[in-house]
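Just below is one structure, and these are the notes that go with it.
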Amino acid sequence: MLTKFETKSNRVKGLSFHSKRPWILASLHSGVIQLWDYRMGTLIDRFDEHDGPVRGVHFHKSQPLFVSGGDDYKIKVWNYKLHRCLFTLLGHLDYIRTVQFHHEYPWIVSASDDQTIRIWNWQSRTCISVLTGHNHYVMCASFHPKEDLVVSASLDQTVRVWDIGALRKKTVSPADDILRLTQMNTDLFGGVDAVVKYVLEGHDRGVNWAAFHPTLPLIVSGADDRQVKLWRMNDTKAWEVDTLRGHMNNVSSVMFHAKQDIIVSNSEDKSIRVWDVTKRTGVQTFRREHDRFWILASHPEMNLLAAGHDSGMIVFKLERERPAFAVSADSLFYTKDRFLRFFEFSTQRDTQIIPIRRPGTTSLNQSPRTLSYSPTENAVLICSDVDGGSYELYVIPKDSIARGDAVPEAKRGAGGSAVFVARNRFAVLDKSSNQVLVKNLKNEVVKKSGLPISGDAIFYAGTGNLLCRAEDRVAIFDLQQRLVIGELQTPFVKYVVWSNDMESVALLSKHAIIIASKKLVHQCTLHETIRVKSGAWDDNGVFIYTTLNHIKYCLPNGDSGIIRTLDVPIYITKISGNTIFCLDRDGKNRPIVIDATEYIFKLSLLKKRYDHVMSMIKNSQLCGQAMIAYLQQKGFPEVALHFVKDERTRFNLALESGNIQIAVASAKEIDEKDHWYRLGVEALRQGNAGIVEYAYQRTKNFERLSFLYLITGNLEKLSKMLRIAEVKNDVMGQFHNALYLGDVRERVKILENAGHLPLAYATAKVHGLEDVVERLAAELGDNIPSLPEGKEPSLLMPPAPIMCGGDWPLLRVMKGIFEGGLDNMVRGGADEDEEEAADGDWGEELDMVDVDGLQNGDVTAILEDGEAAEENEEEGGWDLEDLELPPEADTPRASVSARSSVFVAPTPGMPVSQIWIQRSSLAAEHAAAGNFDTAMRLLNRQLGIKNFMPLKSMFLDLNSGSQTYLRAFSSTPVISLAVERGWIESASPNVRGPPALVFNFSQLEEKLKAGYKATTAGKFTEALKLFLSILHTIPLIVVDSRREVDEVKELIIIVKEYVLGLQVELKRREMKDNPVRQQELAAYFTHCNLQAPHLRLALQNAMTVCFKNKNLATAANFARRLLETNPPNENQARSARQVLAAAERNMADAAQLNYDFRNPFVVCGATYVPIYRGQKDVSCPYCGSRFVPSHEGQLCTVCDLAVVGADASGLLCSPSQIR
């Protein structure tokens, strides 16, 4: 049984397949009817109007209708397109068990517990016949698929067959009015339109189900006596043929299979059983753990069944329908109806070669699964699941194409999968020992080879190679060398398809396609929601595959798309040009012609074969939103431009590809403020001042226009803008323009007119306009503002423009590869000189003069029009038609001939910061380049550092120290320059050195000396700060030689010991009230690896503390160690000898310390307890401090940077470590 779909729900009592769509209706015991798409596995709709269980449901064959009957005595007819119940048929007096539409007439038959069967006309919505005769609940009733018969089953232990021929005649020729009177009698007493033809008695208990055979005069029934009975009928009588025994409980439903000679039944014994009609024996049984089965349904067209049980339903197939096939050059070998057949692609000739497999094995799923062919030996290997997996080897006689010849005896053997691996060798998988047996054509084992992975199937992978499949991976195995050539993690692979050149392979699983190289290097993965069925490679290296309902393509980069939809699933065998050859489920060869334009176009783009792309654009009908979006996404907006008619889309694409010319044309068509604004932004980016000006004029954006004239140094137009602002009475605009122009008198005048006399006075006074100052002073009288004394005023005067008017150096917008050709194509063949111009920059081609006869660029018209300008504001545009310009008008015409005059800015190179980090794995260089993120990632990887707060200021110092800044002009931004390490004057200007770093190793040595000095002086806090700053700087140090790298690593160890020792000592000083802990910490300090003078001081300190606290034995140990260092200071030596002498008199300790000097130990950096040799510990990946295991994963308390116990690759501080 192959389960295709499963649902979890309330008990399912009724099921019905849709004849065309992949839908199934399930009616539930809860009163809900569900509509499922079993192909996608989704719930499409639910219908919830019945009160109580719904036991029967049925789709109409051609109308968008279905009927349902429930325990509320109602029959409802629904329209699934309108999502509602159309009407209800009332008449039954008890539960309704089943309902069914007639395949031809507008009838519904229903069976009910009121012991009647009713036939209804759903068009007139009336009951047209009542079939009475059963004397117990009628459990089911159904129409015969072709004849005028109804079969019913009842708990009265009978099956009845009814003849409804009279009813059909009456429907075809309606009677006259007088006969209508009999309708009343019919309703009361049951009509004579339907008569009992046969009563089938034989079951000992109530019968639950009865069904007709689709073509033969057979009936099958199932009952509470646990038996399935087979009945035959002719024109006059019906009789029992046989009884099928095997169910352990009531048989709830039973039916004939439409395509095979089998009966399928299900029962309350939680099983589905399959029976052979001819042999009358059980073939197979499928069981569920806890769910009783209630209903069966079969698909009217396809080989699908469904069964409803206590907790849902399953849709399943009994057998695989995929024909086994193998393609070799121009021929296809495949199996059909127990024959091996041969199909030639070129001539499309189909012939039967030899019969295979002994006829008569009726158990399911015994048909061939795979087929392998050896062209040189003309041999075929056929594998099937017979006897738990076996193969048959046929050597086809050269002349045996006729069916009648003597059949060569097949050589058989056990093994789940067998494939040819060479001309006359084939491999068989022995699953039990996980071995591959290589055999010759005599079926003798030549070689055995163990498999690298526990495989459950093998596939061909080139001569001498096998592709082995396991649950979650595949591997290619070389049988000669016994080597694994490649391995790949995959979902469970069902089929393997090699490209013609054996360079690529497609691995097909249920819902995914993985494409890989011949060594299983992953190239791309595609996921499908619907099952993948088959696939083949076309001549261009595109993989074409089928799902249940589509033919699709997959390009080498993983882009995919639909080629066409399918009505029925097919299995692709070969692709030749635009023709797909395939096998359908009936084993018929079908050529399907497809339109490959879309994927060939995308492939040409991908492979940069632009000549192909060009010709396809010219000659084919490629278009659609998807294609435009694809081109845009892949970075070819200029190509997309040629498919688009919609102006808004054209505008967006033109901006994206930098094609100002088309953007202007589209903006004029759209004529919306937002589009003009965006055009202005793009033109500004390209430096095309003329178009920026035009765009701003169209939107009347005076502020931007003024600023544009300011930065282009166009003072003449600025003064015109000042006058426009005056006309529009825009005071702020006037003031700005006057400010931009540096026109002080105008500014004073504006302030005065606006009533700001004090401001006007101050402006005039500062700028030295004495005549105006006197006049204003007179007006202001006593209110003259006082100006600050003794200060030099700085005047608000704009800098003189460096460059006036015209376009900037235009940004070079590269002409797309397609542009020249496409333009000519669109123009329909352009002139010669235009052809030449197509290589130039786009900015030059733009010719704005003849835009609607509108000459852009001058603003005088607005002034001449004066008031008119204000009235015409709604019109949009500048109304410049009647403007008489002098011949040398400065229009932004970028003439084609003026190519040489345009400055083309050099293409920007790669920023230095990017060059620095490109090949560097040194965190310091990344920080210097400003890439803090990657620097932090590198430090985390190399040293396990997680706390970057202490490094923040150093990162900033490195970054600012690696560049210097130059000022050029007052109006241009500051230029930053990279400072390189080891720069010399003779170096090539094109080769970039690494960044100069502000920290170096010699600085650390100085700091170390300062730390030693502070320690000697007893300034422990200051010393600790110095040592910590060394620890924090080391990760950002870069040295040159390997010797220096060793020195840096040595420095870490030295500094770490001091940091730990000083932390212990400072901790001891806090412990005033805990003498025992004080002694312990003093003792641990002496075990840090310190310089001799510092060690002596630590020993003297520990000796003193212990002696004072009467721990004489311990104090004596310190005294002994102190004397061993030969202290040059006589005082130290004397006091040590005195302590020894005192201790010898009384060798005892007053308090027990956690300190054993005989046992070597290290001090835990967090808890300050000894970790003796042999005890477990964890260490800091950077400074190497050791900790008790409970501190794993916490921040190191010594260096305050790294995480204790983290994985790290080690310090990287020199390029010499990388080489």
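Every residue gets a Cβ built from N, Cα and C, even glycine.
Residues of the same chain lying 6 or more positions beyond the ends of the repeat 'WD' (47-88) and with a Cβ under 8 Å from any Cβ of it are 13-19, 23, 25-33, 35, 94-101, 103, 108, 110-112, 120, 122, 125, 300. Taken from TrEMBL, the feature repeat 'WD' applies to 47-88 (among others).
The average per-residue pLDDT of the prediction over the repeat 'WD' (89-130) is 95, rounded to a whole number. Annotation source TrEMBL lists repeat 'WD' at 89-130 (among others).
The repeat 'WD' annotation in TrEMBL covers 131-164 (among others). Panel annotation: around the repeat 'WD' (131-164), residues 94-95, 97-98, 100, 102-103, 107, 109-113, 115-119, 190, 193-201, 203-212, 214-215, 219, 221, 223-224, 231, 233, 238 of the same chain, lying at least six beyond its termini, place a Cβ under 8 Å from a Cβ of the stretch.
Residues or ranges marked as repeat 'WD' by TrEMBL: 200-241 (among others). Remote same-chain partners of the repeat 'WD' (200-241), defined as residues 6 or more beyond its termini with a Cβ less than 8 Å from a stretch Cβ, comprise 136-137, 139-140, 142, 144-146, 149, 151-161, 247-256, 258, 263, 265, 267, 269, 275, 277, 280.
The repeat 'WD' feature in TrEMBL is assigned to 244-285 (among others). Taken through DSSP, the repeat 'WD' (244-285) splits into 0 helix, 25 strand, 17 coil.
Residues or ranges marked as domain 'COPA/B second beta-propeller' in TrEMBL: 340-584.
Annotation source TrEMBL lists domain 'COPA/B TPR' at 613-768.
What TrEMBL lists as compositional bias 'Acidic residues' is 868-887.
If you look up TrEMBL, you'll see 868-894 marked as region 'Disordered'.
Taken through DSSP, the repeat 'WD' (200-241) splits into 0 helix, 25 strand, 17 coil.
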